[in-house]
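Features as listed in Swiss-Prot:
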type: BINDING; residues: ASN13, ASN66, GLY76, ASN77, ASN164, ASN197, GLU215, ARG216, GLY225, THR226; note: substrate binding site
type: ACT_SITE; residues: CYS75; note: active site, proton donor
type: ACT_SITE; residues: CYS224; note: active site, proton acceptor
Amino acid sequence: MDLSFTKMHGTGNDYIYINCFKEKFTVEDAIKYSPILSHRHYSIGADGIILIMPSDKADVQMRMFNYDGSESEMCGNGIRCVAKYAYDRGISKNNPMKIETLRGILEAELFLKDEEVDTVEISMSSPILEGLKIPTTIDKTPIINEPIIFNDKTYYFTAVSMGNPHAVIFVNDLHNMDISSIGSYMENNSIFPNRTNVEFVEIINRGEVKQRTWERGSGETLACGTGASAVCVAGFISGRTDNIILNHLLGGDLILRYENDNVFMKGEARYCFEGTITL
């Protein structure tokens with residue numbers, strides 16, 4: 001079977017996008033082929049696969065699969081690319097655009113340049129702060145500065161769900177963090193029944209932070225939109241940051257705004273290349 005695809009990225013968070021309006025590629029196919037096609041040495045290379053599909057509830061639907069084939073509820077960087085692809089390719093010319101996800105229907109405001117989408121602001125919806133609903137095994141709301149011990153050192157995390165679980169850890173020196181070891185330990189800790197994403201954050205000032213990301217099922221990535229949204233919420237509810245922040249991720253910058261119990265994320269969406277691969 002020959003499969004046409006488009007490689008795109010949002011702040012370096014790169015996925016293989018499949019237009020299921022044209023391609024006969026199913027959810028089961030995505031689960032099977034994501035570990036194969038996402039391999040950076042033997043295939044296309046990406047953080048995973050995102051399907052762009054018809055929706056009877058919104059303008060378009062997205063389904064997102066991690067590097068290991070597991071499915072996630074939402075991807076903040078991915079949804080910006082879905083909006084760009086759908087608008088640029090004429091699937092939907094609505095602005096704002098409604099996109100169906102496993103988290104629900106989210107709205108994307110499109111900012112154009114030369115008649116194509118340049119940047120996208122996503123209404124990421126309300127964060128979930130109830131411990132058992134994130135989910136964690138901790139019956140507390142909210143979970144702020146919760147201690148956890150790794151290699152005889154205590155770290156403190158704030159738990160937030162943006163449709164997928166996040167553990168946000170504020171640190172003094174982001175550069176020298178052992179992201180792989182700590183991230184893997186946190187991801188698979190029994191505190192998180194569905195595993196978790198982990199964000200390591202260094203505060204520059206109340207309106208500016210730096211972030212590194214350990215994504216559930218993918219490992220360290222250059223960016224995570226839901227993670228950046230969780231960082232915005234965690235920083236604000238813990239009193240560390242204001243409700244509007246500039247977040248510097250390894251793959252680029254995002255602007256986050258937390259107001260009226262909703263998180264808004266604005267950033268770029270970019271094409272990498274297109275191709276056809278034989279499965």
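Keep in mind that glycine also has a Cβ here, set from the backbone N, Cα and C atoms.
Positions of the features from Swiss-Prot, shown on the structure.
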{"residue": "ASN13", "record": "substrate binding site", "DSSP class": "strand"}
{"residue": "CYS75", "record": "active site, proton donor", "DSSP class": "coil"}
{"residue": "ASN164", "record": "substrate binding site", "DSSP class": "coil"}
{"residue": "GLU215", "record": "substrate binding site", "DSSP class": "strand"}
{"residue": "CYS224", "record": "active site, proton acceptor", "DSSP class": "coil"}
Cα distance, the residue listed as 'active site, proton acceptor' to GLY76 (substrate binding site), nearest Å?
7
Same-chain neighbours of the substrate site, Cβ within 8 Å of the mean position of the Cβ atoms of ASN13, ASN66, GLY76, ASN77, ASN164, ASN197, GLU215, ARG216, GLY225, THR226 and not counting those residues, run in sequence order as SER72, MET74, CYS75, GLY78, THR213, SER218, THR221, CYS224, GLY227
For ASN13 (substrate binding site): intrachain residues, at least 6 apart, with Cβ closer than 8 Å
ASP47, CYS75, ASN77, GLY78, THR221, LEU222, ALA223, CYS224, GLY225, GLY251
Counting other Cβ atoms within 10 Å, pick out the least crowded of the active-site residues CYS75, CYS224.
CYS75
Sorted by position, what residues of the same chain at least six away from GLU215 (substrate binding site) have a C-beta under 8 A from it?
ASP47, ASN66, ASN197, THR221, CYS224, GLY227
Count of other CB atoms lying within 10 Å of the CB belonging to GLY76 (substrate binding site):
28
Cβ proximity for ASN164 (substrate binding site), under 8 A, sequence spacing 6+, ordered by residue number, returns SER72, GLU73, MET74, ARG103, ASN197, ARG216, THR226
Taking residues ASN13, ASN66, GLY76, ASN77, ASN164, ASN197, GLU215, ARG216, GLY225, THR226, which bind substrate in the record, the widest Cα spacing (Å, whole number):
16
Cβ density check for GLY225 (substrate binding site), other Cβ within 10 Å (all protein chains) comes to 28
